[in-house]
Each structure stands twice: as structure tokens, then as C-alpha cells.
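Participant: Quick one: the structure is below, and I'll ask about it shortly.
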């Protein structure tokens, strides 16, 4: 559970850093009228704050899944999964999608509608290709005797890649809404807030995927051993 | 200290959040069914939670009938008993208490108490309720599924939860329970995003965090905790569903059942326990913190006194929220752990008692020399303080490893958690309903019926759970439908019969409460505006009950905290939060 404890500690630091700027030492019983020193709410777009909170929830979810992997890795029957090559291709596609959405955002900020639409389309396609690659990886694993229930590593791979894929699918719904705002004739700056949120979400899911992959493929087994040692 | 101004409006910044009208309902369906108005959603949440809570109430009667008079009711088999305790526990903890505090009170009170027109994501908020409703339907469906609901105990510990020896283990019961939990968590996440972001983003001008009523502090902190804790239950539920349906072995070790080797192997039930309690312990505070906040406000209003130690109360809420994430393994002392591990968790558990005790002292000091009105909200608040104190003290026993080990899995534990997170928060829910019913309906609940309800519930709850501690101390284990053992004295059977009679009476008193609601909706005395003369913002709406958009033409501007009661020199014994007042005339001197 040390991964999730680390995650909660990070959240606590962020929360206390924010709270420390909110005048928690004030004496409201002595004060009437305006309080000018404390920033008013609403300084940041609501969508961005909402996404921040949601990413904390998603981060927690994968930190917990990662913690379960680390605990399970301590048992004698655990061995690292032999990843099919298509997993690496899929990872590259997700990185490409993340990059494309960032380019689309930057182009939209510049007001370059054409470049923004092209990068956006490439990002959406790369994301779909990533999902297809994940399904291929599942099939390849099943063919090579590493099916869902074959060994603990495979079970966790199916579980985590499935959960991750569902989050990507949810992101695609948001992406479809942004596509409407990037439609022909519309000024690209209208799509900037939505594109910004999508780009951040994609970067975050890429990071999550890289972390999970490092854990499941055995790259991070030393870190995992250290995590287990801390709590045992 | 913040700078203050003589001119009440000077320096209050313009609203950065544009004052956009919330989505309007255009007909029956969008007003009453798929409403995006947080007030309607709150009522939908509360109605559904109370409805499924009634099922839990009936189950508690059946549990007590079996324990009080074993062998008399032939339709209560051992399997049925396990199913009753499982469903009773899960419904009460998750589908009633969590849902009503956050989905019910959170939805109704957050926008009104922080001066917003509605939640920031109304459509997502609507979806949140319907996901919750689907979760309740799936849960209730398990009563009618082949094999009935799961009887795994509310903790759903594997491996027994998905084995044939447990009711619903290899049939539909456990599957429906897990699916229902997954739906609940998805729905809660949608709602929780709204509660947290509305507090962060949509507070009206002048409403700094340190001017928020403690109710909002409690609900806000509990929401943040729930957003971080519920994913643990989500992951555990998905993994167990995989084990049950797809043959994985996340939690399932190698097993022989009825002489036959099962296909499972290598999994760890302890991993489930870590995940479950990483959710399960914060869950206690997810229920308790809103109750702490609400009771603070009820006491201040009905004792006509500002809350004692507001800053400490806020800090205590935040500190309790943070600490509750590092105590989970005190539920696992008997699962086998390194002694230092147990020492660490016992220490953190006892440290949590410090901020909690501060809160209890502050409630008592608020009452001290207050102008106490023994209204129904005040009575229930007093009932809460006493009950929470009792439950908390037995928690100190159980937090210590050496005391916990012999008491583990006895009725002492059942008595403890029912006092601290069953009766105590329910006292607050009742107090809150009596308090805010006029805001919601424009009518008062019947005082006479309320008095009967309070005294029967309060005395009855003690008649049930006080003797249960003794039953546990002599060693009677929980989760046994019937026990005949040499170490169990005859007095236990007598006490069990007594407890059962008390439980039936207390249950009946809750039906009187429901009747009171129905009767008062039609015949209750009209409340008028602000019947309790409360200072917080929700009572300052132009209409009672508040209309769509809450605030009429313009959003309110907040000039003070929510606890200006009995201020010397003030024309009334309260000053509303949005009252600019003759500047500085009523201000306390430092």
C-alpha cells in the first residue's frame, strides 16, 4: 500500500499548500465586511478545476491498482509478463496521440484552424489505434498461453489495461464534443478550453499507462520491492 | 489576519464566476424526473436513500427476532440470517448514510449555504443520482435473484464471499452486490466532483473558506475523502468480480471445496482486506464529518450562541480527514501483521481521538451558558453528542491491539460501531431534517410527534446497544444466528430478548417519523421566512422554499461568518451573513 500512501501524501501536500493560502488562521468572528487578502473563488476556469479533481480520483484508482500489483508481486508464484510487441507499438501510439492533441491546442491558440484540425484528427486516430493495439495485445497474450486467468501478471495486465482503456473511451466522448467546436467555419479559439482539458487528460493517461507498464513488465520491480520493504 | 473594511461593500471583488442562469426545466420530466436542480436532486437522493433504508430497518428487525428468540421463526434460516446482516450493513453504511449526507444534504445545502445558484455541473449531477438509483435497483434486485442476496457479511471478505458455502456466493447475489457497488461509486464520483468544485469555484462574493458554515466544511472534506477512498472499493469490487466471473485469482488462494480442488490458486485475501479497509475506515469519517458539521450548526442556532472555537473546529475536520487515511489496518489486527505495524496503526488511531475530542469539547462549550432552546434539532444534537462520546470511548478500547484481539468479532464491536457510526449520525440526520424541513417545504414538522420520536429513539437506542456491549464482553461472537456454548451465561439470552423488544419499538418510532413528514407536508404549521432565526445564508433566500436559481435577481454578498448570535448591541439576536449592518457597530472587539 506504500504507492497509494505516497499518492495520498502528495494529495495532502497539494491540499495543505492550497489551504495555507486561504486564510485558515483568520478569526472570522472579528471580521465583517470585505476580506481582500484572500483570493476569491473562480479565478481559474471551472472546467479546469473539475478536471484537476477528477484526475486526482483517477490517479488514486491507478495508485490503488498499482499497490495491489506490488503486494501481489511479493508472492512466490509471481513472474513478470512477457509483453507482446504490439504493447510497445500501442504505447508509442498513445504518446503520439498526446503529442498531437498538444499540437492541436497550440495551433488553436495561434488561431490556425487548419493545423489544429489536422493535429486533432491525427490525435483521435492515434487514440483509436492505441485501443485497437490493446485489444490485439489481449488476443496475442491469450494465444501464447497468458490469458486472463493464466497467471497473476496476466490477470493484472488485463485488469489494468481494461480500466485504462475505459478511461480513454470516456475521454473520446469529451473529444467528440470538442470536435463539434472545431468544426468547419468555427473560430478555433472557441475550442481552446475543451482542447486544453483533453490534452491534459491524454498526457495524464499516458503517464499512468507508462507507470503501470513499468510495474507489470518488471522494469520497476526494484522499486516495487522497496515499496513492500517499507511497509513490512 | 485578513484586512477588514469599515465600508461593508468596499473591496469585495466582483464575481469572477459569471452569474449564469442554471438550466431551466421545461416540463414534468425535466422538472421532477431528470431534474438538474440540485434541490430536486437532493430530494431524489434522500427519498431513495430513505426507501432503501426502510428495507435495512426491516432486515434489522428480522436479525433481532432471530437473535432474541432463536428457533421461533422458522423462515429465518442460518443462510437467510447471513443475507440479512450483509444487506443491512451495506445498505446502512453505503446506500443510506453516505448517500443521504452527501447526495441529500450536500446537494441541498452546498449551493444555498455558499450562495450559488446551483451546482457547477448540473447535468453530471443529474447523472449522479440516476447512477445511484440504478445501483439501488441492482442491489434490491438481488433479493429476487436465484439464491437471494449475498450473505458474505458487509465486508465481503474473500475467499468465502464467492464460494458455494456462502449464500449468493456462486449464484447472483455477490455479482449483483459488486455491480451495484461499482455503479454507486461511479455515481458518487459524478456527484462528488460537483460538491467539491462547487465549494471551490462557486462561492459567492465575500464567502471565504473561513466564513463557510461548518456543515459545508464537513460535507466538503468528506467529499474529498470519499473521492480518494471509494476508488479502493471500486478496484476491490472489480477484482472480485473478475475472480467470481472470469476465473482469475486476485484474492483467491488454492482451495479444496467438498473434496474438490477449485481452479483458483495463489491469490491473497489479505490484499482485499487492505483495499477494503483503505476505503472502509475513511468511510466512517465520510459519514461522521458531515454529521460533525451539521451538529455544530444546529447547536449554534438553537443555543443562540456562536460556535466555540470555530477555527479549531475547521482544523479538526481537516486533520481528522487526513489522519483517517493512515489508520485502516486497525481493522486487520487479527489478520496477522508485524507487531510494529500494529503499533503504528494503534498509535495513529489513538491520535485521531485528539481532534475528535476537541470537537466534543467545543460543542459542550458552545452549549455552556447558551440560550438553549430544547427544540427537536437541539434534542437530537444533544443525543448525538452523548451517543458519539459513548461510541468513541469504546473505540479507544478497540484501537489498542491487546484489547482488540480478544474483543475482535464479538458483539462488543457491533455495539461500538452501531453507537459511533449508526445511532450517532442518524441522530444528526433527524436533527437536520427537523431543522431544514421548513426550508425545504415551508412548513414545520409536528413538535409533539417529534418529541415521541426523539425520546423513543434515544432511550431505545441505548436499550439496544448498551447491553450489547456486555453480550460482547462475555464473548458472544457476531455473525452467529444462534449460539449455545458453555461460556455463554443464561443472562445473554434474556438480554437478547430484551434488546429485540427494544429494537422493534425503536423501529416502530421511525415509522411515526415518516408519518410526521407525510402529515406535516399537508397540515404542518406554515413556517414563514427563517423560522429558527438562523444567520447562515440558506435561510436568507427571498422565497421559502427557495425557488429555481435560489437567489432571485442577484446573488447575495457575504459580510460576516455564519455564527453571529446574541451579538451585544445588535437589534436582533442574530445577524444574517448577508447583512452589511452599520459598519463596525456590532463588531466584537479583539
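Indices start at 1 and increase along the chain as displayed.
Glycine residues also receive a Cβ, built from the backbone N, Cα and C atoms like all the rest.
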Participant: Looking at the ranges B:122-145, B:146-169, which is given as transmembrane segment in TrEMBL?
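Facilitator: Going through B:122-145, B:146-169 one by one, TrEMBL flags B:122-145 as transmembrane segment.
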Participant: Can you check which of B:4-28, B:254-278, B:379-403 TrEMBL lists as transmembrane segment?
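Facilitator: Going through B:4-28, B:254-278, B:379-403 one by one, TrEMBL gives transmembrane segment for B:379-403.
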Participant: Mind checking which residues reach the transmembrane segment (B:379-403)? Cβ under 8 Å, same chain, six or more beyond either end.
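Facilitator: Same-chain residues near the transmembrane segment (B:379-403) but 6 or more away: 291, 295, 298-299, 302, 330, 333, 342-343, 346, 349-350, 353, 356-357, 360, 363-364, 412-413, 415-421, 423-425, 427-428, 430-431, 434, 451, 454, 457-458, 461, 469.
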Participant: Using Cβ atoms and a strict cutoff of less than 8 Å, what residues sit near the transmembrane segment (B:284-301) while being 6 or more residues removed from its termini?
Facilitator: 93, 97-98, 101-102, 105-106, 213-219, 221-222, 225-226, 229, 307, 313, 317, 320-321, 324, 359, 362-363, 366-367, 370, 377-378, 380-381, 384-385, 417, 420-421, 424-425, 428-429, 431-432, 435, 532-536, 562-563, 565
Participant: Within the same chain, where does the transmembrane segment (B:449-470) have neighbours whose Cβ lies under 8 angstroms from its own Cβ atoms, ignoring anything closer than 6 residues to its ends? I mean 6 or more beyond.
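Facilitator: The answer is 376, 379-380, 383, 387, 394, 411-412, 414-416, 418-419, 423, 427, 430, 434, 495, 498-499, 502-503, 505-506, 509-510, 512-513, 515-516, 519.
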Participant: Return yes if the transmembrane segment (B:83-110) and the transmembrane segment (B:340-358) have at least 3 CB pairs under 8 Å (sequence gap of 6 or more), otherwise no.
Facilitator: no
Participant: Checking distant contacts: for the transmembrane segment (B:340-358), what same-chain residues at least six beyond its ends satisfy Cβ-Cβ under 8 A?
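Facilitator: The answer is 309, 312-313, 315-317, 319-320, 323-324, 326-330, 333, 392, 395-396, 399-401.
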Participant: Report, as numbers and ranges, which residues of the same chain sit near the transmembrane segment (B:313-334): CB under 8 Å and 6 or more residues beyond its ends.
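Facilitator: Residues packing against the transmembrane segment (B:313-334) from afar: 209-210, 214, 217-218, 221-222, 224-225, 228-229, 270, 273-274, 277-278, 280-282, 284-285, 288-289, 292-293, 296, 307, 341-342, 345-346, 348-349, 351-352, 355-356, 358-359, 362, 398-399, 401, 404-405, 408-409.
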